[in-house]
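Peer 1: Quick one: this structure, given as structure tokens, is what I'll be asking you about.
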Amino acid sequence: MIANHFTCRGIINTHLYTHLRKPWRIQDMASSDMAAFREIFSKANNIAIITGAGVSAESGVPTFRGAGGYWRKWNAQDLATPTAFNKNPSRVWEFYHYRREVMLTKNPNPAHLAIAECEDRLSRQGRKVSIISQNIDELHRRAGSKNILEIHGSLFRTRCMSCGHEEANYNSPICAALEGKGAPDPEAHDAQIPVEKLPRCEQRGCHGLLRPAVVWFGEALDADILSGAEGVLDSCDLCLVVGTSSVVYPAAMFAPQVAARGVPVAEFNMENTPATERFKFHFHGPCGTTLPPALARHESEQH
């Protein structure tokens, strides 16, 4: 599988897409025929749903993409790196503290809820829905989804830089020194919190510096999670790509590789992506509007 060759998170180079186009079958034009999609959906037994930042945007979650890709004066992607954390852990923790605090005020939107309801409903019919999410906001879990692979980790997990211990952490604030910090205003100054005041490991005898348990750009994805995602992609008979820009790899390669083996792929997005031409369907518009009718109970389903 292609994903085997892309185990580290990064932004895909458009030249790579061009290079990969030749051996992959390209659709003449992605269809927006919902009735045709629904017919395929009604017969699918193993559905993979790949989600990205766009599915959470309607919950008011900053996507940190495009024009909105800045926190203060820094490109958010430049803060999501091991180098940035090693150089200035206070600044990076301010950034993630801000994101954690924002997320605690947000709720799942109709797209999250439609996915969760579909998973629950189809599971009672002996059918499977698997979610491969690039998001770190846990909104799928809060919506009620259970079969989730969070390939980029979670905002609400920490990992110790010393002992490696990882655990869930929903504290608000995550430490006293970060209370009231992290404002995104470009004029805001760094808090310059001493490293010993940043979140620390509470394992006996450790007290090491904690970091967010997320996959930063340039870091390898968790091997078990990546293996699980590949298993889902290899076995699915229908794939949905929801709110993803298709430029962050390895996730950007997931749906095209499913399409390459002839499985129908439906893209739900506000705009076309570099991968749209590979897919059977494309439904334009807010995911919270387009996804619920796509995943609603089909007339062929038993009540």
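Backbone N, Cα and C define each Cβ position, glycine as well.
Just so you know, TrEMBL annotations never went through curation; they're auto-generated.
The following feature annotations were taken from TrEMBL:
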| type | residues | note |
| --- | --- | --- |
| ACT_SITE | His152 | active site, proton acceptor |
| BINDING | 52-71, 134-137, 243-245, 269-271, Cys287 | NAD(+) binding site |
| BINDING | Tyr96, Arg99 | substrate binding site |
| BINDING | Cys160, Cys163, Cys201, Cys206 | Zn(2+) binding site |
| DOMAIN | 27-301 | domain 'Deacetylase sirtuin-type' |
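Locate each feature and note its surroundings.
Peer 2: Within the same chain, residues at least six positions away from Phe64 (NAD(+) binding site) with a Cβ under 8 Å of its Cβ are Ala53, Tyr70, Trp71, Ala76, Gln77.
Neighbour list (Arg99 (substrate binding site), Cβ cut-off 8 Å, at least 6 residues apart, same chain): Pro62, Leu155.
Cβ contacts within 10 Å of Cys160 (Zn(2+) binding site), excluding its own Cβ and spanning all protein chains shown: 21.
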Peer 1: Could you check which of the recorded positions Tyr96, His152, Cys160, Cys163, Cys206 is the closest Cα neighbour of Gly243 (NAD(+) binding site)?
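Peer 2: Going through Tyr96, His152, Cys160, Cys163, Cys206 one by one, the Cα closest to that of Gly243 (NAD(+) binding site) is His152.
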Peer 1: Counting distance between Cα atoms, which of the recorded positions Tyr96, His152, Cys160, Cys201, Cys206 is nearest Gly52 (NAD(+) binding site)?
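Peer 2: If we rank Tyr96, His152, Cys160, Cys201, Cys206 by Cα distance to Gly52 (NAD(+) binding site), first place goes to His152.
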Peer 1: Out of these binding-site residues, Gly52, Gly60, Gly243, which one has the fewest other C-beta atoms within 10 Å of its own C-beta?
Peer 2: Gly60
Peer 1: Using the alpha carbons only, what distance in Å do you get between Tyr96 (substrate binding site) and Gln134 (NAD(+) binding site) once rounded?
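Peer 2: About 16 Å separates the two Cα atoms.
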Peer 1: How big is the Cα-to-Cα gap, in Å, between Gly60 (NAD(+) binding site) and Cys206 (Zn(2+) binding site)?
Peer 2: 37
Peer 1: Tell me which of the recorded positions Ser56, Gln134, His152 ends up closest to Cys201 (Zn(2+) binding site) in space, Cα to Cα.
Peer 2: His152
Peer 1: Cβ within 8 Å of the Zn(2+) site's Cβ centroid: which residues qualify beyond Cys160, Cys163, Cys201, Cys206?
Peer 2: Met161, Ser162, Gly164, His165, Arg200, Glu202, Gln203, His207, Gly208, Leu210
